Amino acid sequence: MANFGGARITGQISSITVWGVIIPVVGLCIIGWFWFSPTLYVDSWNPHHAPFFSAVGSSIAMTLWAFLGLESACANTDVVENPERNVPIAVLGGTLGAAVIYIVSTNVIAGIVPNMELANSTAPFGLAFAQMFTPEVGKVTARFMALMVMSCCGSLLGWQFTIAQVFKSSSDEGYFPKIFSRVTKVDAPVQGMLTIVIIQSGLALMTISPSLNSQFNVLVNLAVVTNIIPYILSMAALVIIQKVANVPPSKAKVANFVAFVGAMYSFYALYSSGEEAMLYGSIVTFLGWTLYGLVSPRFELKNKHG
């Protein structure tokens, strides 16, 4: 409902709720070391004694899931002030900041909470705070959890607005039905948001599992696969984009090399996501290509008349 007020309201709310995750997570990164056990950390490092590449492969989907939002600022370019300056700062700064916080906080938790308890928990940060604080200061833990719930609400708010903006931009170009292009007086694609919520609810029901953790893993793998495919296509198009933009060869070589490394990493991530995620992700991708085949003739006609 808050998204119905437009980008300004969404941005103001998100700028407040983000502190709900910054305060407890950064706090854990700082004070968590007083409860850190090196012995527990070593025991939790590789409990199944899996080979290096097997261990990396099993965790790569979850790692990418944590960084799927790196393109959010790009998707919201149309509603950002001075996008040429602010969007690159938001993307690079946000990615680097998130990387540092994720790496430090997850490593601290591994030295506070036993591995099996973490694996079976749906709220690992809450479990860590419960281990750190005694029952006498349980209110502190409850407050930290309240902050993180607030942050989740703000994150969901921002993601829903971002997805609606992506659909709106695609609809403006003719890729999706016009319902996604319709906006209110405050430039909010409300009808598109409601349509997306219905689709998401259906997807959640389709992937329902006996436990919340199992369903989360299914959705994570599917989300990673469906996001990696456009990443690969974007990196493949980089050579042509740079030629059209007349980028100097010296700069183009560096960018192309980085894109190649990123593409190889993406292919490995696809391989590691599992057969089920690849199956469903492929179906979604082929459905998208079919949809493009249905709407592509209008672009050919437009080019001929242009």
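Glycine residues also receive a Cβ, built from the backbone N, Cα and C atoms like all the rest.
Annotation comment: TrEMBL describes 16-36 (among others) as transmembrane segment. If one looks beyond the transmembrane segment (16-36) by at least 6 residues along the same chain, the residues whose Cβ comes under 8 Å of a Cβ in the stretch are 101, 104-105, 108-109, 111-112, 125, 128-129, 131-132, 144, 146-155, 157.
Taken from TrEMBL, the feature transmembrane segment applies to 48-68 (among others). Residues 95, 98-99, 102, 220-221, 223-224, 227-228, 268-269, 271-273, 277 of the same chain, all 6+ positions outside the transmembrane segment (48-68), place their C-beta atoms under 8 angstroms from a C-beta of that stretch.
Residues of the same chain lying 6 or more positions beyond the ends of the transmembrane segment (89-113) and with a Cβ under 8 Å from any Cβ of it are 25-26, 28-29, 32-33, 35-38, 40-41, 44-45, 66-67, 69-71, 73-74, 80, 121, 124-125, 127-128, 131-132. Under the heading transmembrane segment, TrEMBL lists 89-113 (among others).
Among the features that TrEMBL reports, transmembrane segment is placed at 144-167 (among others). Beyond the ends of the transmembrane segment (144-167), by six or more residues, the same chain brings 2-3, 7, 10, 13-14, 16-25, 27, 69, 72, 75-76, 78-79, 123, 125-126, 129, 176, 180, 188-189, 192-193, 196-197 to within a C-beta distance below 8 angstroms of the stretch.
Residues or ranges marked as transmembrane segment in TrEMBL: 188-212 (among others).
Among the features that TrEMBL reports, transmembrane segment is placed at 218-241 (among others).
Positions annotated as transmembrane segment by TrEMBL: 253-271 (among others). Within the chain, the transmembrane segment (253-271) has long-range Cβ neighbours (under 8 A, six or more residues past its boundaries) at 57, 60-61, 64, 224-225, 228-229, 231-232, 235-236, 238-239, 242, 247, 278, 281.
Among the features that TrEMBL reports, transmembrane segment is placed at 277-295 (among others). Beyond its flanks by at least six residues, the transmembrane segment (277-295) meets 61, 174-175, 218, 221-222, 224-226, 229, 270 of its own chain at Cβ-Cβ distances under 8 Å.
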